[in-house]
Amino acid sequence: MEVISLIGIIAGIAFFILCCCKGIQMFLAALLASVIIIVFSGMPALETLTGAWASSAGGFITSYILIFVGGCLYGQTMAAGKGSRSIAVAFANVIRKSKRNQKFICVMFVPVMYMILTFVGINSFVIVFTVLYTARDLYQEIDVPWRLYCYGGACSTATCILGGSLQLVNIQLSEMYGTPLTAEMGLSIVGFAAFCLVFAVLAKFDIRKAERAGETFMDSGAAFANPEIGKKSDEQEDMPSAWYALISMAAVVVCAVTLHVLAGILIGILLNLLFFRKYMTDFNDSITTGITSSFGPALNAAATVGLSTLVATAPGFQIVTNALSNLSPLYFGPTVIALVTFLTAAPPGAVSAFGTQILESMTAAGYSAGVTHRILSASIFACVGPHSPGVVNTTMLARLAYKKAVPVYLKISLIPGVCSLLVMILCVQFGLFV
């Protein structure tokens with residue numbers, strides 16, 4: 001039965017990816033893929049769908065619906081009031097001063113924003129609302145392919161490598177192992193530096209490849225383009241000061257960290273209305289659009305959470321964990337975490353399920369809890385898979401073609417992630433930075 005269940009897991013995920021690439025509605029694709037896994041695993045279909053699947057999907061909605069609505073409203077008021085446009089123009093003016101590296105610096109804008117915000121624990125669902133419209137205007141201004149926006153989300157796992165990060169997995173490992181958030185700081189800095197180096201090389205390569213192919217922003221961003229860009233020069237265009245927009249974004253970050261995520265979003269919305277109300281051509285339409293645009297992404301993301309839950313609980317997944325048990329502890333732990341996070345797109349679930357077992361095997365092999373903590377925190381890079389709620393959410397909000405976005409996510413998360421993890425493992429084996 002386990003073999004058939006494993007076949008079902010593979011078939012279900014493959015079916016989901018194929019449906020998404022074909023443009024089939026993501027909620028329906030995730031639901032049908034879940035049914036495939038249920039049938040192959042011999043689970044009662046109706047009971048599982050209304051039980052485990054609905055509970056996990058519903059739990060996601062319960063936890064994040066206000067963030068989705070508030071985040072979309074924040075982003076829409078920022079865009080409608082030309083706040084994001086003002087930041088983009090300011091950044092564009094700075095980038096223009098770099099004669100040879102305009103597009104590279106432009107592409108780095110989103111990853112740097114993601115790294116800063118994820119380090120202080122801001123959820124990626126909030127981050128996308130904070131930087132999306134600013135990045136859109138900036139990429140369009142510099143004429144960078146819009147699909148490269150995915151670099152931001154793809155590198156968001158990098159900061160979990162870095163000691164002191166307030167990402168959930170780092171906090172989870174700290175509490176589980178009794179280690180500080182800054183465990184093995186030297187090792188974490190080496191791993192983070194390796195990730196960033198490989199990431200930058202890939203970015204350079206992608207930009208040059210796009211330039212040789214004559215690829216522009218409109219090739220992947222036409223559906224999300226800002227029609228105001230190009231109509232007026234920056235000097236003639238009536239817009240607020242970029243400082244107001246930066247103050248709004250900073251307030252969201254500070255209040256989210258010190259108070260609560262929702263408090264940060266609410267304060268950001270109020271500041272947007274205070275700063276940008278006079279620049280909104282249709283206030284009621286902006287508010288309505290901001291709210292209603294959140295429903296589709298929220299439902300789609302919830303459906304993928306349900307799918308990920310079934311993958312983790314299906315009997316066939318036991319075959320995978322058993323097959324990996326012959327690896328040495330230093331390789332078994334990160335391999336299991338990386339594989340589970342890829343299949344389930346849920347790093348906290350992987351750590352909860354296997355963290356204690358991995359610590360026991362690592363300790364028995366002579367490795368400290370701090371080393372285990374840091375190695376596992378670097379192993380979640382594979383969570384940005386095709387069925388990740390974050391990927392689904394971003395492709396929906398940014399109006400990116402799924403089949404154009406997913407290859408970017410996979411390449412920019414897997415290649416730097418694997419390289420970083422291998423560098424850290426080699427450091428541990430040779431006793432460097434530990």
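Along the chain as shown, residues are numbered 1 onward.
Positions of Cβ are set from backbone N, Cα and C atoms, glycine also.
Here TrEMBL flags 6-21 (among others) as transmembrane segment.
Packing against the transmembrane segment (28-46) from elsewhere in the chain are residues 1, 4-5, 7-9, 11-13, 15-16, 19-20, 53, 300, 303-304, 306-307, 310-311, 314-316, 387: each is 6 or more residues past its ends and has a CB under 8 Å from a CB in it. Residues annotated as transmembrane segment in TrEMBL: 28-46 (among others).
The transmembrane segment annotation in TrEMBL covers 52-75 (among others).
Residues 64, 67-68, 71-72, 74-75, 78-79, 84-85, 87-88, 91, 95, 98, 142, 144, 148-149, 151-153, 155-156, 158-160, 162, 164-168, 171, 199-200, 203-204, 206-207, 245, 249, 252-253, 256-257, 261, 264-265, 268, 301, 390, 393-394, 397-398 of the same chain lie 6+ residues outside the transmembrane segment (104-134) yet bring a C-beta within less than 8 angstroms of a C-beta in it. The transmembrane segment annotation in TrEMBL covers 104-134 (among others).
Residues or ranges marked as transmembrane segment in TrEMBL: 146-169 (among others). Residues 107, 110-111, 113-115, 118-121, 124, 127-128, 131-132, 135-136, 139-140, 181-185, 188-189, 191-192, 195-196, 199, 203, 206-207, 210, 217, 219-221, 224, 257, 347-348, 351, 374, 376-378, 380-381, 383-384, 390-391, 394, 398, 400-401, 404-405, 408-409, 411-413, 416-417, 420, 424 of the same chain lie 6+ residues outside the transmembrane segment (146-169) yet bring a C-beta within less than 8 angstroms of a C-beta in it.
The annotation transmembrane segment is assigned in TrEMBL to 181-203 (among others).
Annotation comment: TrEMBL describes 242-275 (among others) as transmembrane segment. Long-range contacts of the transmembrane segment (242-275) within its own chain (CB-CB distance under 8 A, at least 6 residues past either end) are made by residues 66-67, 70-71, 73-74, 77-78, 81, 83-84, 86-87, 89-90, 117, 120-123, 126, 129-130, 134, 166.
The annotation transmembrane segment is assigned in TrEMBL to 408-432 (among others).
Under 8 Å from some Cβ of the transmembrane segment (6-21) lie the Cβ atoms of residues 28-30, 32-34, 36-41, 307, 310-311, 314, 316-317, 319-320, 343, 386-387, 402-403, 406, all in the same chain and six or more residues away from its ends. In summary, the transmembrane segment (181-203) does not lie against the transmembrane segment (52-75): fewer than three C-beta pairs, each 6 or more positions apart in sequence, are under 8 Å. Proximity of distant same-chain residues to the transmembrane segment (52-75), defined by a Cβ-Cβ separation under 8 Å and at least 6 residues beyond the stretch ends, is recorded for 34, 84, 123, 125-126, 128-130, 132-133, 252, 261-262, 265-266, 268-269, 272, 287, 290-291, 293-295, 297-299, 301-303, 305-310, 313, 389, 397.
The list of residues near the transmembrane segment (408-432) in space but at least 6 beyond its ends in sequence, with Cβ under 8 angstroms from a Cβ of it, reads 147-148, 150-151, 153-155, 157-158, 161, 187, 190-192, 194-196, 198-199, 202, 206, 330-331, 334, 338, 367, 371, 374-375, 378-379, 381-386, 388, 391.
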